[in-house]
Amino acid sequence: MNNFILLEEQLIKKSQQKRRTSPSNFKVRFFVLTKASLAYFEDRHGKKRTLKGSIELSRIKCVEIVKSDISIPCHYKYPFQTLVYLQVVHDNYLLYVFAPDCESRQRWVLTLKEETRNNNSLVSKYHPNFWMDGRWRCCSQLEKPAVGCAPYDPSKNASKKPLPPTPEDNRRSFQEPEETLVIALYDYQTNDPQELALRCDEEYYLLDSSEIHWWRVQDKNGHEGYAPSSYLVEKSPNNLETYEWYNKSISRDKAEKLLLDTGKEGAFMVRDSRTPGTYTVSVFTKAIISENPCIKHYHIKETNDSPKRYYVAEKYVFDSIPLLIQYHQYNGGGLVTRLRYPVCSWRQKAPVTAGLRYGKWVIQPSELTFVQEIGSGQFGLVHLGYWLNKDKVAIKTIQEGAMSEEDFIEEAEVMMKLSHPKLVQLYGVCLEQAPICLVFEFMEHGCLSDYLRSQRGLFAAETLLGMCLDVCEGMAYLEKACVIHRDLAARNCLVGENQVIKVSDFGMTRFVLDDQYTSSTGTKFPVKWASPEVFSFSRYSSKSDVWSFGVLMWEVFSEGKIPYENRSNSEVVEDISTGFRLYKPRLASCHVYQIMNHCWKEKPEDRPPFSQLLSQLAEIAEAGL
């Protein structure tokens, strides 16, 4: 009777991190619930299932939904938790499990509650949010064993099935959903039967947006399919992304360069200001009496009444920003010149997609063409190549014995879901022949450290600050997704067109098998970028990434110099332990160097998060260093 299967399903589990040094990762597992235990198996296609863990139901102290306030970094978005008592070590540990949909999660939680509600060791309070970065997100307590902050009711919804809907409720549930229209910002060509081709500026019905990176849409002829969400934007008169003059997250320095390169009187753009939700109009003019043309910046102000209205010059107030821009395209109205030529950088080139096609992460060898070797890294050689002879890609061939391949393959699909304009996109893996290959977005100018050294003496301080901003944007995204880089440095960032910098190789050091690189005593271990808690205890967190980011900023503002110059690893450890920090680079302002020093606080909790660093750097950039 105890072996009777109550539920079985493929779910995703988060590593339990029973040791402080254990990595935080997500793995697909096949879960089986019986009257006696909750077991999970490794389930690979064509292979026998392997038991990876089993929990006696009698030891479960709590089963509950996790009310998350963060982006879930795996493709199952419905988390629940079990708190388990381990009699052997007299300790508690959490098992976070992610279901594919709300119904699946509800089914597992209700069944587990029913089977455990009479356990002797149930808790009276639990934590409704995640334990993350050394604290509970729900109540900010800093001890993992801390008593919960919300009452736990083991019987709530456990044994009672919901009442059937009334006829009125039933009719309501079958009402047609309100139609949402989206607009394509780019063309998207595809031959995949699961997908739908897009034409720039055409409208589509949004059918399903539950997947972050791929939306299901329908065209005006009734054809349906998936398309990359980064190519689409919701249709709304106040959605600025539909307008050719809007540049979402461009820095002041890059905006000025674009407008100066245009060189046309009245060339303009609207961009995000440093305060979230506010905007700036930047316009090029030759009208001011001076030898050189210049860029003027106007903050778009808001009225205090409701609904808000917008203006640049107080005499001319409008109900929306598009109406304000439309007026000033025909009238100066207090501006140095009227807005004549819209300038937009981000619509010139379509963004990368999360995967080369919808649902595709395994790439066939016949689909890849190798062109030339362009570098080498910790895992092996890197080649420029093409996918299906048309999409330029970077292909990393993995040297035998360099990587824990099985562990990486388990997480590759999850890593592909990480997609951001300032991250180098992993497109997929090629597994069917040795050596295995990783297929990445191709970045034109190679790694940042080499680029800085090759162009030394040619950079303005504003340009270097823009590079740091790019990296910080990517790291703020990883921080929000609860992903630790573990090896952030200029060598692991890549340079693309228009000097856009993207973070690469995030989390990859978890799969390195070379002890000389992964052990803090190894000759290849990157001590010069490591925080004190990393080289002393191998304790990684987003705050250890912040320390590394401070060193990366130093690399950038010293135009590619090696930190701590000729000091050995042991000397660096000794210096840092006695309070020594890197000197201020010549091109770094006092404000910039102050941020570096904030990153190098000895205690991790004293270092700012990337979200705060991003705001501080943006403020410095807007103020002109």
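From the backbone N, Cα and C atoms, a Cβ is placed for every residue, glycine too.
Record note: Swiss-Prot gives H127, C138, C139 as Zn(2+)-binding, and the candidate from C102, C149 in that site is C149. Going by what Swiss-Prot states, the ATP site holds I374, G375, S376, G377, Q378, F379, G380, L381, V382, and the candidate of K349, K360, K392, K396 recorded there is K396.
Of the candidate ranges 45-81, 119-155, 193-229, 489-525, Swiss-Prot annotates residues 119-155 with the feature zinc finger.
It is 42 Å from the Cα atom of H127 (Zn(2+) binding site) to that of S570 (phosphoserine). The residues near the Zn(2+) site, meaning same-chain residues not in H127, C138, C139, C149 whose C-beta sits within 8 angstroms of the mean position of the site's C-beta atoms, are P128, N129, W136, R137, S140, Q141, G148, A150, in sequence order. Sequence-distant contacts (6 or more apart, same chain, Cβ under 8 Å) of Y186 (phosphotyrosine) comprise L198, C200, Y231, R347, A350, P351. The distance from the Cα of S570 (phosphoserine) to the Cα of C149 (Zn(2+) binding site) comes to 44 Å. Among the binding-site residues C138, C149, the residue whose Cβ has the fewest other Cβ atoms within 10 Å is C149. DSSP gives Y186 (phosphotyrosine) a coil state; it is part of no helix or strand.
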